[in-house]
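Features reported for this protein in TrEMBL:
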type: COMPBIAS; residues: 106-125; note: compositional bias 'Polar residues'
type: DOMAIN; residues: 26-485; note: domain 'Major facilitator superfamily (MFS) profile'
type: REGION; residues: 106-127; note: region 'Disordered'
type: TRANSMEM; residues: 25-48; note: transmembrane segment
type: TRANSMEM; residues: 172-198; note: transmembrane segment
type: TRANSMEM; residues: 204-222; note: transmembrane segment
type: TRANSMEM; residues: 229-248; note: transmembrane segment
type: TRANSMEM; residues: 260-280; note: transmembrane segment
type: TRANSMEM; residues: 301-321; note: transmembrane segment
type: TRANSMEM; residues: 341-361; note: transmembrane segment
type: TRANSMEM; residues: 368-388; note: transmembrane segment
type: TRANSMEM; residues: 394-420; note: transmembrane segment
type: TRANSMEM; residues: 427-446; note: transmembrane segment
type: TRANSMEM; residues: 458-480; note: transmembrane segment
Amino acid sequence: MGRLDTLREFNLLSWMREERQSRKLILVIVFIALLLDNMLLTVVVPIIPSYLYTIDDAAANMAKNHTTASPHTPSGTFQTIVSLYDNSVRVTSGGPMDSTPIPLGQTQGVSSSTSALTPHNSTQPDCPKADDQLLNENVKVGLLFASKATVQLITNPFIGPLTNRIGYQIPMFAGFCIMFLSTIMFAFSSSYTLLFLARSLQGVGSSCSSVAGMGMLASVYTDDEERGNAIGIALGGLAMGVLVGPPFGSVMYEFVGKTAPFLILAVLAVLDGALQLFILQPSKVEPESQKGSSLWSLMKDPYILIAAGSICFANMAIAMLEPALPIWMMETMCPRKWQLGIAFVPASISYLIGTNIFGVLAHKMGRWLCSLIGMVLVGVSILCVPFAKDIYGLILPNFGVGFAIGMVDSSMMPIMGYLVDLRHVSVYGTVYAIADVAFCMGFALGPSAGGAIAKSIGFSWLMTIIGVVDILFAPLCYFLRSPPGREEKMAILMDSNCAMKTRSYSTQGNTEYEEMETEYDE
């Protein structure tokens, strides 16, 4: 029996060795890497606002209790002792023996100092007071969430050109190592500073794995339609991470504790690392065969900028929603802890559906049209969010947001690769660094600006602003309908041998054009 098992293992290993360069296995690796990265990205969404509020609330209560317990307290004032057993507050007047239990709901009439110290509302156990402290939480949580994307934004321009020099394997594996470290930090951090550091570190890992992953897919799937399908599947991994993250995080946080979800993620990350080690062999340096276009020349291409803008503004909508929605729900709906994460489920499910449907469909209906409809739908759905009166009212708007972002992402990611093929050199590291920068701009500006806006003019205005911006940006997608190619690229694509008249497209020096002309003249 033992020999049979070893034979089976051997067969699996030999199959994996044969399939090492298989495109499907590379797609699986990229899928898992994006899945784990985005699970870590979103698992904190329901945990952090509640966890930070608990820490701050405990600190504030300790400070208040310290002042009330001071010897200068006049004997006539009421003091409170919260009973953890029978859910009542004991109000003491003067001596320690003179205490009568009052049910939580009836303490308001006793005195204002009593109600100020009552930690919870009478109706729901998890309903904090809509006070200044909760509003300040907006900014802290927003900055914490934005730190990952900000660091990723800074790292991306270096990772893109690096993949052109050393290949995609090493950055991909480095991304896994950094992500693993970040996950462990999240599990055991108990202060705002350490959580902030863990979130920022995740940005570096994310940058490595997403740029290298997308570039690797674009280089192994050369046909435009196949590439669209492959990127659609990989974005499905991203969507599943976003889908599973919040409910997984909130349920584990409520019923097991803060550390548990991160430890489970760390174990999954190790499995992904082992797969990468075996299949990608990240010790080999494999530079690209041709020199890619520079980051600056791609940044100057208006068509790439429109595609990047769509990715940025569509994702900024959900990025603004992530830190602000749980806090707004805590203010208006008094939800349970697990409901804070469940609120994002419709968006995640519909994103998964959107990326899978439009990965294939966008190629047929026109990716520009798919993106244009998506941008309008994001705007309309976001405008509907503040009208929700309870958690059920959030289902439809959140579903719309997720579905529409799925439309935009699954049509714009392949367009990035297509634009490079059409107008530049077919090397993909740098252009997917730009796509990732756009994604991160949304997730950096979204929470940081969103937190501040929600604090100063309110959640409803925040949703109105981003909704209108998305709708106004949508018409620009029309320009991506049939982008012009560079003439020499067109000639190569058409495989014509005639001498070409070159038209400079403002990105690269004339020497390249002259060389191309002489080559074709010969």
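Quick reminder: no glycine exception, Cβ is built from N, Cα and C everywhere.
Those TrEMBL annotations? Automatic predictions, nothing curated.
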Segment proximity, the transmembrane segment (427-446) to the transmembrane segment (341-361), 3 or more C-beta pairs under 8 Å: no
Stretch of maximal Cβ-Cβ contact with the transmembrane segment (427-446) [cut-off: under 8 Å; candidates 172-198, 204-222, 301-321, 368-388, 394-420]: 301-321
The transmembrane segment (204-222) vs the transmembrane segment (25-48): 3 or more CB pairs under 8 Å: yes
Which of 25-48, 172-198, 260-280, 301-321 contacts the transmembrane segment (229-248) most, counting Cβ pairs under 8 Å: 25-48
Residue numbers, six or more beyond the limits of the transmembrane segment (394-420), whose CB comes under 8 Å of its CB atoms: 214, 218, 224, 227-228, 231-232, 235, 238-239, 293, 298, 301, 303-304, 307-308, 310-311, 314-315, 317-318, 321, 325, 343-359, 362-363, 367-368, 370-371, 373-378, 380-382, 384-385, 387-388, 426-428, 431-432, 434-435, 480, 483
PLDDT averaged over the residues of the domain 'Major facilitator superfamily (MFS) profile' (26-485): 78
